[in-house]
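Please read the structure below before turning to the comments.
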Amino acid sequence: ADPSSAKYGHYYKRDQVIDLFAPKQATIDAVKNWLVKSGVSAQNITLSKNRGWIKFHSSVQKLQSLVKADYHVYEHLRSRSDHIGTEAYSLPADIAPLVDFVLPGTTFAEFRRKINKKGISLGPTVERFMPFTQPQQEEFMRLRNGTSACDRYITPQCIKAIYGIPEGTLNNTENSLGIFESLGDVYAQEDLDAFYERMASNIPAGTGPDLDLINGATAPIAPGFAGSESSLDFQMAIPIIYPQKTTLFQVGNQEDPFFALFDAIDGGFCDVDPQRNPGGMCDVFEPTNVISISYGGTEDEYTPRELMRQCEEFLKLGLQGISVIVASGDVGVASQSGYCLGPHHDVFVAMNPGGCPFVTAVGSTTLTPGARVGHAVQPAEIATNRFSSSGGFSNMFSTPPWQTNAVNKYLLRHNPNYFSYNSTGNIVPNNTRGIYNRGGRAYPDISALGDKGVVVVNGEMGLIGGTSMSAPIVAAIFTRINEERMLLGKGPVGLINPALYKAYDANMRDPIFSDVIVGDQRLGGPFDARNPSICGNNGFSAVKGWDPVTGLGTPKYPQMLQYFINI
């Protein structure tokens, strides 16, 4: 992943990654022997394909005795979703160092989003779909062909004009763009076709993703029941990469859909006996070179070892040449459930998976009213101001070496006017006045347009926004870059972040980013992401260089393409 390496673009095979991360056989044997001695039948114990998980079936009573815990069904106060878990569990002193965590355990991640009866996603990771009024629709239909109204209506033409993206011509069968969806949010082909007809007439009706359906998921869905998240993702990405294909990784409703995704594309969390996990999918789909994810939660909803294991799975994908692009979130420095951390409820919340160093986290931007597109001088983007793009510093992971210089410049030249602390391991100190973790992995890494996107959902045109609009745009751009690299016989870009920050550190005469220097994170309140931040301040601000609102800036496609095909 380091552009200065002669091995840039060369990757491990899946079996090599498994061998690199697998525990020693003695560790596996010790845990199995303890289970058997504790009354678990040896025939009831299975080992995952990557040798990192031991699974067994148990009654609640037996499990409680085994791990010295009291299990209950907990209802989340905000989402009303049910979670099986316990307040605490314990393992024998000789076994505890060998085990990362037990599931079900102490994690109560609020991963679900509320879905209304039409399937429109109402969660905080995407701003609500707002159907056009009749006057809006009439105005848009007059202005849709061109870029004169990009400050009000972001279309595929606007995105391509702003970032300098030419029409696609290549279609390498080994370079499909993967898009992750879950939690009952499913696209309707009729909506895609209506979108093409009105905004991307070069794309024929019927164009849609290849379907990789995981754990009982179904897609597409009947007209009238589509989700706004899925509609948004495909309608942003497909016009940028066409005629290149997309692949849908649709996960059925799961407590944590990421685990199901890892199961399906690399067997990371599943066992070798499908009869023991009916409905589960184990290593049945090929991962794509780029995967776009617009779903997430917060770090504090997971235990440190769960965060570490999940982040390691993203690292394993990167080691195989797979780029994972994630939305940073839409609530500034607060949580999507409307709270902040610490005894005074003012400590900034870190998002997951954006806080993992091995994903590329994407913030959101918008154009100022009256901005003109398609002229010699492109309009400057600003941070979104209808909602605040999430960003800041992880409480779990420390600053990775590739972004140290960029983050240090930010802290030195634009030091936030807040007390800070320095911590890792998902620990927020109670004995400090600090409200952000100065030593954490900093995010987002990059940004893209994330508001006023025109989409079709359940037959209606309207506007939508969120970093879940930005992420598929960036994912599509890197799919195009991979396409050009593969044409030259080079490998995909894989883990992108080291190359992005090296380009920033090089202080290029013609940089690959457009800097974003206007905006902050003053929004992110309870009940609605458009309310003032529940943390009681304006969060971080966009400044010259990297910042926790928009990262390194937005892509300049021609310069970015040239940079990546030359390494």
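Including glycine, each Cβ sits where the backbone N, Cα and C put it.
TrEMBL entries are annotated by machine, without manual review.
Note that this is a predicted model, so its numbers are computed, not measured.
These features come from TrEMBL:
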DOMAIN    153-567  domain 'Peptidase S53'
ACT_SITE  E229  active site, charge relay system
ACT_SITE  D233  active site, charge relay system
ACT_SITE  S468  active site, charge relay system
BINDING   D515, V516, G545, D547  Ca(2+) binding site
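Between the CA atoms of D233 (active site, charge relay system) and G545 (Ca(2+) binding site) there is a gap of 28 Å, rounded to the nearest whole number. For S468 (active site, charge relay system), the recorded positions whose C-alpha atoms fall inside a 10 Å radius of its own C-alpha are E229, out of E229, D515, G545.
Looking only at other Cβ atoms within 10 Å, the busiest spot among the recorded positions D233, D515, V516, D547 turns out to be D233. Annotation for G545 (Ca(2+) binding site): same-chain Cβ neighbours under 8 Å, separated by at least 6 residues, are A406, K409, Y410, R413, H414, Y504, D515, L552.
According to DSSP, D233 (active site, charge relay system) is assigned to a helical segment.
Of all Cβ atoms in the shown protein chains, 33 besides its own fall within 10 Å of the Cβ of E229 (active site, charge relay system). Annotation note: S468 (active site, charge relay system) sits in a helical segment as assigned by DSSP. D515 (Ca(2+) binding site) carries neither a helix nor a strand DSSP state and counts as coil.
In the three-state DSSP reading, D547 (Ca(2+) binding site) counts as strand. E229 (active site, charge relay system) is 26 Å away from V516 (Ca(2+) binding site) when you measure Cα to Cα. Here the CA atom of D547 (Ca(2+) binding site) lies 27 Å from the CA atom of E229 (active site, charge relay system). In sequence order, I517, A542, V543, K544, W546, T550, G551, L552, G553 are the same-chain residues whose CB sits within 8 A of the CB centroid of D515, V516, G545, D547, the residues recorded for Ca(2+) being left out. Taking all protein chains in view, 32 other C-beta atoms sit within 10 angstroms of the C-beta of S468 (active site, charge relay system). Residues belonging to the domain 'Peptidase S53' (153-567) score a mean pLDDT of 92 in the model.
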